[in-house]
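The active site, nucleophile annotation in Swiss-Prot covers D414. Residues or ranges marked as active site, proton donor in Swiss-Prot (evidence: similarity to another entry): E443. The feature alpha-maltose 1-phosphate binding site is assigned by Swiss-Prot to K284, Q344, D379, N415, K553, Y554. Annotation comment: Swiss-Prot describes 286-305 as region 'Disordered'. Residues or ranges marked as site 'Transition state stabilizer' in Swiss-Prot: D499.
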Amino acid sequence: MRSGWVAGRIGIDDVAPVVSCGRYPAKAVVGEVVPVRATVWREGHDAVSATLVVRYLGTEFPRLASGPGTTPPAVPLGTVVQPGKRVKPQILQMSKGRTPDVFHGEFTPDAVGLWTFRVDGWGDPIATWRHAVEAKLEAGQSETELNNDLLVGARLLMRAAEGVPRKLRDPLLEAAQQLRTPGDPYQRAGGALSPEVADLLLQYPLREFVTRGEVHGVWVDRPLARFSSWYEMFPRSTGGWDENGHPVHGTFATAAAALPRIARMGFNVVYLPPIHPIGKVHRKGRNNSVTAAPGDVGSPWAIGSDEGGHDAVHPDLGTIDDFDAFVAAARDAGLEVALDLALQCAPDHPWAKEHPEWFTVLPDGTIAYAENPPKKYQDIYPLNFDNDPDGLFHEVLRVVKFWISHGVKVFRVDNPHTKPPNFWAWLIAEVKNEDPDILFLSEAFTRPARLYGLAKLGFTQSYTYFTWRTAKWELTEFGEEIAKYADHARPNLWVNTPDILHESLQHGGPGMFAIRAVLASTMSSSWGVYSGYELFEHRSVREGSEEYLDSEKYELRPRDFDGALARGESLEPFLTRLNEIRRLHPALRQLRTIKFHHLDNDALLAYSKFDPVTGDTVLVVVTLNPFGPEESTLWLDMEALGMEPYDRFWVRDEITGEEYQWGQSNYVRIEPAKAVAHVLNMPLIPYEKRLDLLRRE
């Protein structure tokens, strides 16, 4: 609660979207409809109404944490969102919801930066008067009994006319005169109760006891922040094989040659694991063996050697100029480059020698390596952010700015939950205040408080628990959580990562690879694939492990994508079609509008999404069984689809091209050998109905 808060003449409560009582800004992107809700009330029977006041404050990102040294201090968001200069607002009338005293409104930001909104409550004397007079007329009261009421109405209309442009006032003036003219009460009140006057007063209401609500912030990113398709590749694995069949270390040039295929599949972000020099001290060997053999390339996450640190490129990949050429090639292919920001060091990283204070030094004088007892990681030194925050904070900022200067606008941050939250709040604000288009993906497979806490601090997107959600009830609960936290968290659903090969993929065959791709690409608006997924790579290092056998983290893994495609042993065409469907349907860019539908079979899952702007609607029915057919009766929530229970309609399956005539209940049968899912193009939802659905309480 802000200091000095007092109750207003009109009560304003339960405003949304508000994150952590207004401590952090909510999230949106340019062109996204932001729904606003508030409870507005007053005493007695008098009517109240509400107005949504929206402002754009520019591109300064809120400083939610104080940095070290001379960095500008943190400023509470409640102070930041108070405009320091007069900014012309948008003033939007809010509508009553289904629940008494609940009002709804929407706004659509059209620029990147910080937006604010507040809800103003006010007494609506004309609505109060209209309700009372209509009730008395219906009760049959006489002109004598109603005379005072009608004269009060005339005064109210005259007051209201003062706030209406002169050329538009006539209906109000005429209605007021009619109220003052003796005669039949229905005739006297007719003009004042007419739709024409009601519409005019909707635009120019007479407001009493106006009470300003709290001002709240919404940080608005560019559209990629909400809608993105990621493909992870190791540049060093793109060199192919020599004449003896041995892998050849790839370069930025060979990696650039792989970009057209990635772009053809419809991905718009290519994510690179660390591209820096790899430590030689305690380097890990193949399959994470403690001892590296001659020629072993090591883990890219063991960053730094005598060849450089976080601001250098691995010499076997090329030079910084070669990296610039790779970024340019990606841009030409319609791809953005996401770079891994892994804040950890190999023992021979330059920082270990030059800045031992950035690490934890043990009593014997050695630097502590990473541990997750009983596991030990001698090839990694964790950073200590408390010994010299001024030096370390600014060095990381320098590194991030260095890569931004080389065309990187997206960072995938490795294990951010192992670094202090104030550091991330400070770093993200420093970076986005220079370039608000920079995006950060949080790779935080951790407890909800940390995952969502990092999202609140400014991370654009977040990895999630999706990988481990496989049962129908788990996926339903997970999807509902996506909508619940959409105001501050944007999930990026990865089907696999270099670290995680889920057991469902190890044993589920090609069908499970297709199933998980459907779920990831349609449940959330952002999803990701790690290279090799399209080849159905499924062998783990041992039973019960989620680590890949011959993991690419520790060795080169060139792949024959074209050969697999020619043999019909590739998921590439299916991934391509999924991304085509995502681009075709704005509904699949939404987080808030997911709705699950009933199937009496736990091996089948159904959910729909709609786009508030266009009414575009998609229904997904997907099997969770990759091995055989599943069938059921699907009961649609017709209201959630903007329809009446008795409606019949045609749908088109975007995967197979087949069309069906459906209604409220439908027989469905999914045969994985043919297609693991229906992704159905549904009828458009009309404007008023989709607005009502967006405002569901």
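Cβ atoms are placed via backbone N, Cα and C, with glycine included.
Remember, predicted model here, so these are calculated numbers, not experimental data.
Here the binding-site residues are K284, K553, and the one ringed by the most other CB atoms within 10 angstroms is K284. For the recorded positions K284, D414, N415, E443, K553, a Cα-Cα cutoff of 10 angstroms around D499 (site 'Transition state stabilizer') retains K553. The recorded positions examined here are D379, D414, E443, D499; by Cβ neighbour count within 10 Å, the least packed of them is D499. Here the binding-site residues are Q344, N415, and the one ringed by the most other CB atoms within 10 angstroms is Q344. The residue listed as 'active site, nucleophile' and E443 (active site, proton donor) are 5 Å apart (CA-CA, integer value). Among the residues K284, Q344, D379, N415, K553, Y554 said to bind alpha-maltose 1-phosphate, no two Cα atoms are farther apart than 20 Å. Sorting the region 'Disordered' (286-305) by DSSP state (H, G, I as helix; E, B as strand; all else coil) yields 3 helix, 2 strand, 15 coil.
Here the C-alpha separation of K284 (alpha-maltose 1-phosphate binding site) and D414 (active site, nucleophile) works out to 19 Å. Of all the binding-site residues in the record (D379, K553, Y554), the one with the smallest CA separation from the residue listed as 'active site, nucleophile' is K553. Annotation for Y554 (alpha-maltose 1-phosphate binding site): same-chain Cβ neighbours under 8 Å, separated by at least 6 residues, are K284, G285, R286, N287, N288, S289, D296, V297, G298, S299.
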